[in-house]
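Look at TrEMBL and you will find SER148, ASP173, HIS336 tagged as active site. The feature domain 'AB hydrolase-1' is assigned by TrEMBL to 71-348.
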Amino acid sequence: MASELEKSLHKRLLISLPPKSRANSKTSKRLNADRFQPLEWNDYFDKKETVKISDKNLFNVYIKGKDGPLLVFLHGGGCSALSWACLAKYLSSLITCTVFAIDLRGHGETTTDDQYNLALEVMADDVAAVLKAYFSQITTPVILIGHSMGGAVAVEVANSKNIPSLAALIVVDVAEGSALQALKCMQNYLLTRPKQFDSLPMAIEWSKRSSYIRNLESARVSMPGQVKKIQSLKENLVKSDQHPIDRIDEEAAELEEIPQTSDVECPKSTIYGWRIDLSKTEKYWEGWYTGMSEKFLSVSVPKLLLLANKDNMDTALTTAQMQGKFQMALLTEVGHYVHEDSPERTAEIFASFLLRQRLTETLNAEAKEKLFNAAVQMRTC
């Protein structure tokens, strides 16, 4: 029988199944046209730049602010730096900081000579190289912040000691034990996602209605970084040829109610598909998380672990947290994309943590009051 943790992890992956289809309703499409329109990156960031590491390795970055500590954001697998857009807006309204969000290789608008080489060491070297190329020499405090796969990369970069001015490390909703356990379901999870979308608004609508991203604003700015235009041939229809996956009994009835994606009609011109086929990177998955807890705890700077579920902590982390070796915060009513589902609360927790470490300052009295109220969400031993 599956453990409670396994059931929880499996259910989290299964929420990405497509919602009940409304693709045949022209009226519905018209009504949702505005609601699911994409939002522009420059509503959240000050500038977007390309950092050249070599002729074939060009990394896309988004930047907001120019003062205070340097906050380096690393997104999760399949996402892009736009995953941090809403959080960047809220965080910059609370504290003095510079946001520097990177599209990792194979993701977003970054282009490299080997897009599918997502080895942990390679991505960590990429981050260090991007920072060195853009800033030449960093004298301000650096805070590494990573979600899921990006959290593993942040831990790896922190352990490499390639950033002398590293001042803090923040990891969002990833821990070694639960992450390795979740990998057992990853290929099945990828198979449940629609392979194509008729339009960008339809991709955004799917992400919201399936609870892939629960915050509509975040979905509107984040999803454009996860999909790309692809040419459609007449025979290139969205097919639901996936084989049924093993499911826990409690979810079977719920899944039976979800229609297959074959009802979705593909246009004859341009359609949208995922920017990266994560299934091709499977050989790297285990390497992202193996040994992560030990490496996380060995980093000497102040550390914060933000989780959506306290059960995600493995034994090593639970013991270390009880010993006060890092700070932990929990957010409820959010999914795996914690910072997208609740960007305002996440920003408050991040800001409170950085203020406690004396790494930044509040912008004004209103921000100070907000952060005082958010401080109760921090759990410190």
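From the backbone N, Cα and C atoms, a Cβ is placed for every residue, glycine too.
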Checklist entry - From the Cα of HIS336 (active site) across to the Cα of SER148 (active site), what is the distance in angstrom? => result 8
Checklist entry - What is the average pLDDT across the domain 'AB hydrolase-1' (71-348)? => result 88
Item to check | Length of the line joining the Cα atoms of HIS336 (active site) and ASP173 (active site), in Å | outcome: 7
